[in-house]
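Data block below; observations after.
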């Protein structure tokens, strides 16, 4: 099949848009298109006309004709299929199917025709793919430019802060030299420093003779408010008009907001405030911390059933102080017989099998210690559970796409098991390429549309006994049902399948058992409906 040209004409024969896919002169294509209205007969049911050299395959679109000019050797069935695809694309780019609307969007239509036909041959594409190809832009280049501009703005902010610090140092130096304060400091008398507060209360030079003798009368209040050890200039309050701006500049904030609007996940590098740093430092206050973590991998079939169900768990130990290293850990396992436990090679396996105590083979050897920032800890125990029983799945998803006219209605529901209370649940549904966000008709929870990745995210903060089931319904333009899979799920829980608990810490060198804390969480690693 060879398509010579694709054109849009008015009923009177006026050429609005024409795209040629082979080498031909302007005179020839104008002659072929001018002859077309004369060849159309009235009352005929077919939509093609043949001449000695070419074939016209056409389709009326309101007051227009969509026309393909092909050679006579081309496959007419493929020509009709190409024509049908082009007829779906024209309304996508020109909402008003008249001469003004077609001429206004002529270049968009030509670019779309080029995606469908290459060198006269039809490409294997869909309407959604053509729209995606035409609208695609270099996000990497745009992101790179925005990041570079942000770095420039940040550099300017650093320059302003440095200039402000230099000005403050000069002001502090002038204050220190004023009234002989530097000479007073060099005397090194604690009584002189303590008497500044008395000076401020009496507002006179008592105890020093007259205040004018030291030149302190005007600066007594400022001296009384200063601590004994002079703080560095960076910690002092900035003077008026030269204050530092903490945080990001307005341009940087606009840059981040624009990225978030496009669906980018932004991890901001923000300097923590004083309160935040204190809370971060207190995250591991107990001398011993034990962490029970399970990662779940599930693959569910869209028509029901479990393709893969795998749970892997670990028990890790973190000790802050070296003197607490000679210990043993008493644990209690749950009643789940499907779980098989394995201890670390350095652990006493018989002691764990007989008494459920985790201890090193060499009792005189202490456990390694780590800093508070070492969140991984030392692995003591691991376990695994595999199953094909669907009742073990904590969250099942059912997706029902149905097409009505030019729209596809998608109903999704979740059903949660009563075993766990799930937190921060996010169900990510892939969508076909859309020009606008989908229309959400009903939802139990919140939703967010990631336009860059074309994903609809359904989030539920907490699933407990009050909402073990929920549903969402949205509408998109007509699409195949497979476009909404695979569905990805993320959540966490504070209960585990193993129900492992740490009951006691046994010190091997005697004394009281050290204080310990236990953290338990179940998180998803790969949870999909395919």
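All positions are counted from 1 along the displayed chain.
Placement of Cβ uses the backbone N, Cα and C atoms for every residue, glycine included.
As the structure is a computational prediction, the values presented were derived from the model and not from experiment.
The feature region 'Disordered', as given by TrEMBL for the ranges 115-157, 158-200, 287-329, sits at 158-200. Between the listed ranges 16-44, 45-73, 74-102, 219-247, TrEMBL ties the annotation region 'Disordered' to 219-247.
Using DSSP to sort the residues of the compositional bias 'Basic and acidic residues' (158-178) gives these counts of helix, strand and coil: 21 helix, 0 strand, 0 coil.
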